[in-house]
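**Student:** Under the heading transmembrane segment, TrEMBL lists 6-27, 63-84, 96-116, 136-156, 168-188, 264-286, 298-317, 337-366, 373-391, 397-418.
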Amino acid sequence: MTPEGKALSNIVILGFGFMLMFTAFQTCGNIEQTVIKSLNNFTASGYTSMSIIYGVFSASNLVAPSVVAVVGPQLSMFFSGLLYSAYIAMFIQPRVWSFYTASVLVGFGAAVLWTAEGNVLAINSTDTTIGRNSGLFWALQQFSLLFGNLYIYLAWQGHDHISEKDRQTVFISLTVISLIGCFLFFLIRKSDPSEPTPSETSEAPLHTESTDDSVSACKLSVSKEMMLLSLPIMYTGLELTFYSGVYGTCIGAMTRFGHNAKGLIGMSGLLIGVGEILGGGVFGILNNNRLGRNPVVLLGLLIHYLAFYLIFLNIAPDAPQAPEEGTDLQAYMTPNVGVALFCSFLLGLGDSCFNTQLLSMIAFLYKEDSAPAFAVFYFIQSIMAAIAFSYSNVLQLPWQLLLLVVTGFMGTLSFFMAEWGVVAKRRDSDYDSI
């Protein structure tokens, strides 16, 4: 197999490994607050758990590049995946102490996992393939939102209460799926020294080793380009919280949607996945940067604004904090299931617009420091997600939507400035070569 073919194969395996792991974890995150409400004498909060995860995730990004450099990306992803599996397995026999302990552990594992993923993506990409590879990985990984959520929709259809048997069946299955994904990472092949490298056949890969990845991450965090990108990254952290945890809980709490409200949580997650996959394919794989990144990000913002407006009209303001029995309040229109599910699709589609372009931009800008650059990306994103999960316990839906609108606007303008800087540098480089 040619070096280019091997690199593409590694990206596909990476995508399938993440697809299986996050079929389990994202389904778990989507339903855990609803599941916790069904437990007797269980005082923990799913929002608090997610806040701990992303808070530890954020802090751990300072050391994650060093861990990946010492252990290697392959083993880093495997052992991190085991921590994800342990978190999911905890729900088979939930205890408050084990719930919060697993939250801390998976937060550390997440930092190492995603830093290693960015490292593998950059190693197996070149200037011309990074857009395709980012979109391909993103689309494969987001298939994770389809299968687990489809199962939840079918299994919980018509349920007003989640029984112990329902819970254990779901989480045993999710744990097994997550473990299979962990072992897939061993299929990723390293470069054979006897084969020609990509630089000898076409272009140099987007990676070289850094002498001190943690120090590099600190330096990169104050670079002009990363400071500009920090605002759109912050926005992705806030909306990650909203679509992965808050919105599903809101739908499950809407008693006006009828007895199938719990099952609709799964259908909502599935349609978020459809939007993510469609966006990853169209704007990552097919676009290949011919139109530039700014139009894609602007489209993502407009899609999200439409979703936020419809959610504001359709979902009750107290839905994020409603008890298991749900809420009888009404927003500004008669609650409509079709509108709620259409918004799920829009949330996923808009999210893919932002993330595919941010991944592409960072891998392009930081060719020689990919691991620390992605560590900074996930540090910023995760700390904002931790903040968002914290305020989700108390802040009503309209205020959460307002924060998303404001940060989305500021983040888009900041991304435009970063992209214009990249275009200007490329133009200057072209002039210098004449």
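Along the chain as shown, residues are numbered 1 onward.
Including glycine, each Cβ sits where the backbone N, Cα and C put it.
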**Student:** Going along the chain, which residues at least six beyond the ends of the transmembrane segment (136-156) come within the CB cut-off of under 8 Å?
**Tutor:** 11-12, 14-16, 18-27, 30-31, 117, 121, 162, 166, 169-170, 173-174, 177, 262-270, 272-274, 276-277, 279-281, 284-285, 348, 352, 355-356, 359
**Student:** When you scan the chain for residues with a C-beta under 8 Å from the transmembrane segment (168-188), skipping those not six or more beyond its ends, what do you find?
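**Tutor:** Counting only partners 6 or more residues beyond its ends, the transmembrane segment (168-188) has Cβ contacts under 8 Å with 10, 13-14, 16-25, 27-28, 31, 74, 77-78, 81-82, 84-85, 88-89, 91-92, 120, 148, 151-152, 155.
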**Student:** Do any residues of this chain, six or more beyond the ends of the transmembrane segment (373-391), have a C-beta under 8 angstroms from a C-beta of it, and if so which?
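**Tutor:** For the transmembrane segment (373-391), the sequence-distant neighbours (Cβ-Cβ under 8 Å, at least 6 residues beyond its ends) are 47-48, 50-55, 57-58, 61-62, 64-65, 107, 110-111, 114-115, 117-119, 122, 213, 217, 220-221, 226, 229-230, 233-238, 240-242, 245-246, 358, 362-363, 365-366, 400.
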**Student:** Which one of these stretches, 6-27, 63-84, 96-116, 397-418, has the most C-beta pairs shorter than 8 Å to the transmembrane segment (264-286)?
**Tutor:** 6-27
**Student:** Residue list, the transmembrane segment (6-27) vs rest of chain: Cβ under 8 Å, 6 or more residues beyond ends.
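**Tutor:** Apart from its flanks, the transmembrane segment (6-27) reaches 77, 81, 84-85, 87-88, 117, 120-121, 124-125, 129, 133, 136-137, 139-149, 151-152, 170, 174-175, 177-178, 180-182, 184-185, 187-189, 191, 198, 205, 244, 266, 269.
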